[in-house]
């Protein structure tokens, strides 16, 4: 609840007064970190395997996803020429995604990017799954040998891991490849990469074309390495890290002001009972389905916004109801913040606020229902000519 209190206090000045654009804090120069999981690989999908360090290629769908991600970022103002460095793993599914994203971000200006900007680092490789690497996740033989509970523990806990891979294993690799890893092991090396390579490039490295206070760095990696970085930035409790969902090819943005902190993102932390995050996810008509769970009933983002707006008395616990006036003032405040101005749920909440009378009250359950309904309508019924969600509803 401490993080929620912080979010609510950030909104306190808005209630009881109308906040104009002139009263909004001046925009500041920030550096942006974009995290992106690779596109679908040959071992993703319904017949999923423990892929780990196995160097499998992207599928056709995975390549399309990568190109779409680059196009989406370009349409939101992220040009390839602004990307100083792109970090990726040693595995081809991530490296190819990285190249396709940069090429797509460049559009017809292909001279504005170069493969020389891509830095590969094995510490961004996917978690190593030891003896079960390469096996199908639903393999009956695995279930018979180890049991479903044990397999689930290896996959979903922080410290569980499969038995070590034997050198005779068909997917064995020499060091620095480990013999097996827990999620904690994977996070440790991912954070080493952040400390030793990514953070210096984002905040301090000299000789790059853009100064640190306006720099963009992209990291194209894997579910568990990205999950590890997100957990670090958002102070996610250890028992919740494995539950962080990282969809393929959805850009996840973190913004930093190096004059304040090189470790803590500056974006408002959207908080709810499910946890909180400083991240902003870029949404398009193509990738919206991957993040829809955050918007459905009980979704982190919908609950977070309602909690933040549900009462003008910030010493009181969040209410299950909010008036139209409270919703309108609170949404206006959030829409004025450059970090949240294109938030999907804020956008649809703004639409709901216009429909409510000042004294009308909306309950959390109704807010969730109408938010999902409005979002579905925006996604499927009001797409522009390029089949992209309108800019106002572009990310969260």
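Cβ atoms here come from the backbone N, Cα and C positions, even for glycine.
The active site, tele-phosphohistidine intermediate annotation in TrEMBL covers 38. Per TrEMBL, active site, proton donor/acceptor is recorded for 126. According to TrEMBL, the feature substrate binding site maps to 37-44, 51-52, 93, 126-129, 137, 155-156. Residues or ranges marked as site 'Transition state stabilizer' by TrEMBL: 222.
Annotated features, which come from TrEMBL, shown on the structure.
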| residue | record | Cβ within 10 Å |
| --- | --- | --- |
| 37 | substrate binding site | 28 |
| 38 | active site, tele-phosphohistidine intermediate | 31 |
| 40 | substrate binding site | 21 |
| 43 | substrate binding site | 19 |
| 52 | substrate binding site | 29 |
| 126 | active site, proton donor/acceptor | 26 |
| 127 | substrate binding site | 28 |
| 137 | substrate binding site | 16 |
| 222 | site 'Transition state stabilizer' | 26 |
Quick check for you: of the recorded positions 43, 126, 137, which have their Cα within 10 Å of the Cα of residue 222 (site 'Transition state stabilizer')?
126
Cα-to-Cα gap, residue 40 (substrate binding site) vs the residue listed as 'active site, proton donor/acceptor', nearest whole Å:
14
DSSP, reduced to three states, assigns residue 37 (substrate binding site) to strand
Determine, to the nearest whole angstrom, how far the Cα atom of residue 52 (substrate binding site) is from the Cα atom of residue 126 (active site, proton donor/acceptor).
5
